[in-house]
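The block underneath contains the structure these notes are about, expressed in structure tokens.
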């Protein structure tokens, strides 16, 4: 409203100028408002932990896109501790930044705080992991689709084989796990010949993933596919398959943020047959774009609520070497 | 010039309270000094680093977290103080958080029963630990490690089934919302509750019997068991308390966030343990307090919150916390180890005391102080049988009583005083003795107070405390060195307490200080009340009633003087110096048969010490630089008894300069023409036959004082 | 007069035998060589850590920082090698960090006289924080190409037996030799039994403490190398897990009392085998992770309860401060 008034005023001023006949040096009507809307704004970033490659990628995107516009970015690092995260978010609400980018540890912990923050006039953008509490924007992966994509590939690979697959989950209570699982289940429901022989949680730990996979492979030497929930953890899964000498027989599917070493290199080496990648730099750019839009449009919390799902790229041996599929973290 | 200097010294020592430093350092709460200093330092550094962080709004947020974590720290501290440890608090937190959310969100209970059931559930989980550790005697560390795993597994199994249902519903309860976000006077509701619970715990641990039992078990489990304390039950109850307090924390957490995330409570035991250790609560038990727990909690909260707000990385926060934890532990351990050493080097704080040159004791005619050999040939009673008869007294049947170092009152039977029996056992060393009208023997007992022994030998405590003086740092309500007493006509007992700064075994150090730290106290058996009547005396010692029934004489050993105090009558409240500048240090005073008073001199003054008394700084350096054995102490090995009248005139004195038969005299009692002599470090009682001209051979002090029995 | 008494070690052995027999009979696919090797391989790292912890516990200490010294020095080596430094330098840097860290632990315990529980609680936190804040940008450091020659310690087989089991066996023999053949081992027992008496007897107690904590740090780092080689990366996030509790349980469950002076390598092996068998059997049965933990917890509880019932402690013989 304020912006349009300003534009109107500018137009009136232009008309009032005598003898303006040539359209040279005409004032661009948007940029002043845009820069003013962004300048001096404060964006807070609350990841699960700054030690994750995802968080580093997102923060890099935010900084490169927003800082040149005069937006201040502050980071709070709860270091995987959700109580610390909740406390940091509570403190942020009292500090009143304009936007908080929240990476939820699960669907419930931050829900009340997100509601409280938006009630206090702070825009909440959720990244990659949506809370049950909807906020102004969600940027990130569609986990149900993620599960479905992996499951379809594994089902395809198991055609004509034993049909036995194993699932290596992260934390059972993590919502991403639950959503991914529902995606997998919907695909499996259409393929009754596929049998899940083991569905275990490795708590995001690679050594545990390896132990579980080793045991499962010993019990089911004819296993044809494994769906893992995170590529960093599934290094262990892949190592177990590799050690058992079953790399050709067992189709290993996993997912992750597309960092070269964790994704493309592993697919190239044959450790994973599939890594469904959500590009973290793209997510970072999406985040920044969303924030730019929200701030320049002067959106108030609660007025709108929208999603921006990240494109999922299945990385297989066929495209792992292609330019731009993976991204490399700067040290 | 020298004169001016001495005046300045005198004024400086009158104004500046040197003794306060040592007394403050020896307070039990000084153990918390290091954690408090760490807290102040972290607070100062962070408020400098993060400007505007410590605003009321931010502090309120920190306080709300503190009001949750605090309950856990408190519970854990209680367990640790009793000698255990509870690692399962994080898991109990998760389970009780789940239970309260299940009841509120899914089952839609109202807040009150849900809260009650949750606390009971927390106590039940704690009781599992308690029964295993308290009654079955399992090891706390391992057991709670295993229950940590079990409770966490239970939490994960339950949340897998109920997480969605809990997340999808919202309880419609104002009470519940109030618990989560409510403020009372701008301060979060849980902080108020925490303050109340912490206060209650503090009172429990320091003032009530169960708390003492708990600390006793932590201090020495075996000794507590042998003392008859219900060790097992008490230990079990500490875990129940820990579980219950953790449940309260979980309720507030649940009300605030309504989260059943997978990581809830993980690592919480480490945070709580860190807080407890930072506060200075010793693992293994016996040492700790609520204050320490809160100080430790505050340090952890300020560091984590402050550094997060400073945008520090998680790694940097961890490093800081670890560094402070180690530094605090190192300093705390050094402090605890060396505290008594520091105290002993600053506690002794000599005062300025000027005594004029003493009268001469040269053997010249007409000199009442003339040294003689009169007491050289005294009879000896109970040689080797009695140790440390500070005071001696005789009853109406001529039996002789005295105290002994073994905590007994011994009795030598008339007429020959060859047979000794133990009349009563009190426990502390009896000092001054006095019979009252009913034949009860009233006794001042060093380190214990004022006691009474009936004629049948039954011991009864009259008092061991007086009113606390508000200017004293030490809690001086308890009697440390009750010394001598006498009894007024109406039964009131006036007794002296030589010093409130030292125990009986260290009385010589008080003499070295010569600080006015003693007092005279009145115990009224009719009302049972005890009040200090004269304060700030320099080692008050002997007391003897005057015949007017309104006043008594008292000696101040360090001040080398005898004074008279009126407790009744027209001169009530007045003190008059009867005689000062005695050649030695007066001890007990007792009545002579001719109406005058016997005074014992326990030791002689010397010019070197008199000079040292005017140089407090010199004596201070001496106590700091020389070992105890090398210190300069007043002489206490000289036997002298003198007689004085109420005008303050010394009539004559009896001496034993060689100190062969009776080396030290602290008291004397005239009885039927004999003078009985006691000495604090003697192994005998002396008996001197007074010349007929100077003594009434029929004089019995009891009869003179209380009349003949009816 | 010889009175038969069931020790904790025997109780756990009995439980282990019963469990093993039961699983062999009831669970097809349990009692074959391959699965048993897998079982051992899965607990090899836990076992190695347990051996390091055993040395400390026998000397009446505890080392909660083992997971940090497992993760951070190894990750440092991997990162240095990846960044193009020579492999020798990378490995020496990792081991030096580990040894220095152990020495710092020992110094704080022996000379500053801070209880080991606090020292290692704090030092683990410190090392993990150091890694996060200054050494690594992300939690996971990948096993780099230049170190491929070393990856055999975690992968592959020798004489049909996985290499990690060989390493476990090697460490077990070394620790056994240390404890039972070397003077330092005898000193360790006497320190654990009565530190005061050991000191009066002229044993260099303080130096020994440093030796013990350096050895436990190095053993943990070795376990870290095996683990990183095995899965192809080192996740420093492992420090956040409650793994250290499993290590303590393996040690104590086997019968090494936390009050020190008792126990041997055999105890660690038995404890490790029991946990390994339990977890392997439950994984085969496809029991979910929380239920596995629940069952594990109850078996552990049963073991220490049996010990308490059979070897009751009473108020008269209890040691003060023995928690």
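Every residue, even glycine, has its Cβ placed from backbone N, Cα and C.
In TrEMBL, annotation is done automatically, which means it is predicted and not curated.
The feature transmembrane segment is assigned by TrEMBL to C:12-31 (among others).
Tertiary proximity for the transmembrane segment (C:37-57) is limited to same-chain residues at least six positions away from its ends with a CB under 8 Å from its CB atoms, namely 63, 66, 70, 116, 161-162, 164-165, 167-168, 171-172, 175, 178-179, 188, 192, 212-213, 215-220, 222-223, 226-227, 230, 246-248, 250-252, 254, 256-258, 260, 263-265, 267-269, 271-273, 275-277, 279-280. The transmembrane segment annotation in TrEMBL covers C:37-57 (among others).
Taking Cβ pairs closer than 8 Å, the transmembrane segment (C:87-110) reaches residues 61, 63, 65, 68-69, 72-74, 76-78, 80-81, 116, 119-120, 123, 127, 146-147, 149-150, 205-207, 209-218, 220-221 in its own chain, all 6 or more past its ends. Taken from TrEMBL, the feature transmembrane segment covers C:87-110 (among others).
Residues or ranges marked as transmembrane segment in TrEMBL: C:117-136 (among others).
Listed by sequence, the residues of this chain that lie at least six past the ends of the transmembrane segment (C:165-189) yet keep a Cβ under 8 A from its Cβ atoms are 37, 40-41, 44, 47-48, 51-52, 54-55, 58-59, 153, 158, 198, 203-204, 208, 211-212, 215, 219, 222, 226, 261, 264-265, 268-269. Marked as transmembrane segment by TrEMBL: C:165-189 (among others).
Taken from TrEMBL, the feature transmembrane segment applies to C:210-231 (among others).
Annotation source TrEMBL lists transmembrane segment at C:243-261 (among others).
The transmembrane segment annotation in TrEMBL covers C:268-285 (among others).
Of the candidate ranges C:12-31, C:210-231, C:268-285, C:268-285 has the most C-beta pairs within less than 8 angstroms of the transmembrane segment (C:243-261). Residues 44-45, 48-49, 51-53, 55-56, 59, 61, 63, 65-67, 69-71, 73-75, 77-78, 94-95, 98-99, 101-103, 105-107, 109-110, 143, 150-155, 164, 167, 171, 175, 178, 184, 188 of the same chain lie 6+ residues outside the transmembrane segment (C:210-231) yet bring a C-beta within less than 8 angstroms of a C-beta in it.
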